[in-house]
Amino acid sequence: MSRSEGVTVSDRALQNQFMPIEFRNLKTKFVSVKNEDGKVKVGDLPPLMVKLKGLSSAFTEDEIKQKLGESYDDMSNEIDFETFLREYLNLQGQAKEKSGGQKNSSSVLKTSSATTLVESEKATYVRHINIYLADDPFLKQFLPLDPASNDLFNLAKDGVLLCKLINVAVSGTIDERAINTKKVLNLWERNENHTLALNSAKAIGCTVVNIGTQDLVEGRPTLLLGLISQIIKIQLLADLNLKKTPQLVEVLDDGNGDIEELMALAPEKVLLKWMNFHLKKGGYEKTVTNFSSDVKDAKAYAFLLNVLAPEYCNPLTLDTKHATERAKLVLDHAERMGCKRYLSPEDIVEGWTNLNLAFVAQIFHERNGLSVDSKKISFAERITDDVQLSRDERCFRLWMNSLGVENYVNNVFEDVRNGWVLLEVLDKVAPGSVNWKHATKPPIKFPFRKVENCNQVVMIGEMLKFSIVNLGGNDIVQGNKKLIIAFLWQLMRKIKSTGRSRQIESFKDKSLSSGLFFLELLSAVEPRVVNWNLVTKGESDEEKKLNATYIISVARKIGCSIFLLPEDIMEVNQKMMLTLTASIMYWCLQNSPEECETSNGYSSTYASDASSPAPSVNGEDESSSLCSEVPSLTIDDAAPDIMVSSSQFENGENTTVE
């Protein structure tokens, strides 16, 4: 997923076709023709497109309508922003052909430029993979990959590479026991790996929209590179926060007044702030605001490296007049101080955003140049959130981003305060619920506009039957954490039950910490997915964690989109237990309704079902010890709600969900 100053596009080839300001202008114009349902139809485009640059002098409104009609049989079909952009580019090309002359060359140049970007990114990501996965027990037989070939796309087709790369980015995200790692995988096993990879990518913060398992199986370059780009970016920016690097307080101008603002910044913005902090110290007069046009001449890099590693300074770097030569000297300087050479001088000069961002992040990791002022660091280290609140924030942030909201959420409590992101999420969960004509899009100058947005959020919550006692729009604007979490919790539960009226009201039983109930539930809805040879008794903390990590990976492997941590299962976090169970149930109802909705229900206790394979630990038959705690699970289709009584667990009774 590519982002151009707040505008999100999933097709990376589109990113290089427009400047950021063009993206924003086109998005604004596109949104302006949305109907009351928040949708744009093909028939809405001609009066809009006839006014756009490059089309106004070439076509009439009727001609544009005729040309669109050649591609769409029904002008009432809904059209999304990216398809609109493609149609615009297509019409631009036709306009240039119609006018003739040298204008045709610009289209060729844009296509060539997009191809060059794909090749540059592929080469960079291949080098990254060759370095970080060189010692992987399974993948080392296929490495190193050749940057000039299609090795990357071919290796990615079985899903193992993406799973391993996700674990490099955020260690422990995937229990590698859940990955299918044979040399030759069948289609089912490949699909499982890709499903696991996509759901795990969502869980670490990637925006996974308009990409499915088939795209990965086919190794589609732009989609695959877009996903790999996000995974690597998450890895490289992981330490750009005060919790991981408290020394970052030094980049604040004066005092401690801006610490909360720094904590709320996106990692990319923190990186820019860090870079400008050192550039100012080095005497660089400009402020770098992006990783593209502002660094293309490589001068900012030369100043930055001279401040951070003066012992490797080359006087020729700033004296040379040729940007490409200067970029080469910068890369030589960075390599001498320990940075791996990922990108080429041409990548810097072309201003490829993702590659330049990765380069600066590398420099930060190798040598951040921040002091060890104990006074400042101790102050930053004291800024700790409530642990449970932090986990909840993480869960909701990842979930909101997984929906493909236009404005990426970096900090839930800060980013929802203008109401716009919540309106986006509500529109995803309950399409048509938002009146966009009465909403104000960021940046919002006037506080009362933020309150208006948040008031509409609360109003929609009431319409959806949420319990919102004591919650007003101003509470969201003020950033009331507990009330925001309470609202989001109901919103997340709403999407899990879309199309179904069942709810789970209580999951407090401490025996759930062993993980055995959820493994049995997963095995009941998809018998082949759990390898019982890998399951422990769940008695010690270590055994519980092994089971918990395995549960999360197995659930994602079958297609559940979940955002909890192993600790949530181990500590029996009631809300997360509900989310996990609802996700498994929702998947089952969507994929195997005949199994989930039988009148007699289904049993999930091996001990009471002799036909089921007995689970084992280390190859030994342990069915009675493993399953003595696991209740039977029966779903009554006539019941409107689902209630599991903890007392039934405690008494060892078979539990009926009713």
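Using N, Cα and C of the backbone, Cβ positions are placed for all residues, glycine too.
As recorded in TrEMBL:
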COMPBIAS  599-615  compositional bias 'Polar residues'
DOMAIN    119-236  domain 'Calponin-homology (CH)'
DOMAIN    265-368  domain 'Calponin-homology (CH)'
DOMAIN    390-496  domain 'Calponin-homology (CH)'
DOMAIN    503-589  domain 'Calponin-homology (CH)'
REGION    599-630  region 'Disordered'
Confidence summary for the domain 'Calponin-homology (CH)' (390-496), mean pLDDT rounded: 85
Per-state residue totals over the domain 'Calponin-homology (CH)' (119-236) - DSSP helix, strand, coil: 76 helix, 0 strand, 42 coil
The domain 'Calponin-homology (CH)' (390-496) - residue tally per DSSP class, helix then strand then coil: 68 helix, 0 strand, 39 coil
DSSP residue counts for the domain 'Calponin-homology (CH)' (503-589), split into helix, strand and coil: 57 helix, 1 strand, 29 coil
